[in-house]
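Features as listed in TrEMBL:
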- Ser73: active site, acyl-ester intermediate (ACT_SITE)
- Lys76: active site, proton acceptor (ACT_SITE)
- Ser139: active site (ACT_SITE)
- 38-159: domain 'Peptidase S11 D-alanyl-D-alanine carboxypeptidase A N-terminal' (DOMAIN)
- 1-29: signal peptide (SIGNAL)
Amino acid sequence: MNTIFSARIMKRLALTTALCTAFISAAHADDLNIKTMIPGVPQIDAESYILIDYNSGKVLAEQNADVRRDPASLTKMMTSYVIGQAMKAGKFKETDLVTIGNDAWATGNPVFKGSSLMFLKPGMQVPVSQLIRGINLQSGNDACVAMADFAAGSQDAFCWLDEQLR
C-alpha cells in the first residue's frame, strides 16, 4: 500500500513540477525570443512610407514619413465622389452601360503609360458599377476617363460637375 501511495504522490509531484516549470518559463520568457520571431523592416521601393500599428499607434517602420507628398489617388477619390453625387441626383444608374471612347483606351493612349488601368478598349460597353469598381479597387485611370466622359460629356465638363450638382 505504501508503494502504491508513494508512486501516486511521486507522479503527482512530477506532474505538478512540470506544469509549474512550464508556466513559470512562459511567464518569464525573455522578449528577445519574441523579437527574433518578428522579421525586420522590408526593403520598400518608395520615396516615403510609414507603417503604424493600428491598435497601439506605434510607428513600426518609416522612411521620409514627414516629407509632404500629394496623394496619388486623391483625384480618383474625388472622381468617385462626384460620380456618387451624380447618381444620387439621378443622372444615371449603376446598371447603365458606358461605351468606352478612344480617349479612355488604355493601350492606345500614351498618357496612361505606366499607370493603373482596367485595360478598357474602345467600343466596349461596361456597366457603371464595374467602372466604379475599376476606379476604387484597381485605381484605373482609364475607368476615370470613361466615367468622366459618360457623366458630363467630356473630361473638362466633368471638372465642373461637382459644382453643378450642389
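Using the three backbone atoms N, Cα and C, a Cβ is placed for every residue, glycine included.
Applying DSSP to the domain 'Peptidase S11 D-alanyl-D-alanine carboxypeptidase A N-terminal' (38-159) sorts its residues as follows: 46 helix, 15 strand, 61 coil.
The Cβ of Ser139 (active site) has Ser73, Lys76, Ser116 as same-chain neighbours under 8 Å, each 6 or more residues away in sequence. Around the Cβ of Ser73 (active site, acyl-ester intermediate), a 10 Å sphere holds 13 further Cβ atoms from the protein chains shown. When Cβ atoms from all protein chains are considered, those within 10 Å of Lys76 (active site, proton acceptor) total 20, not counting its own.
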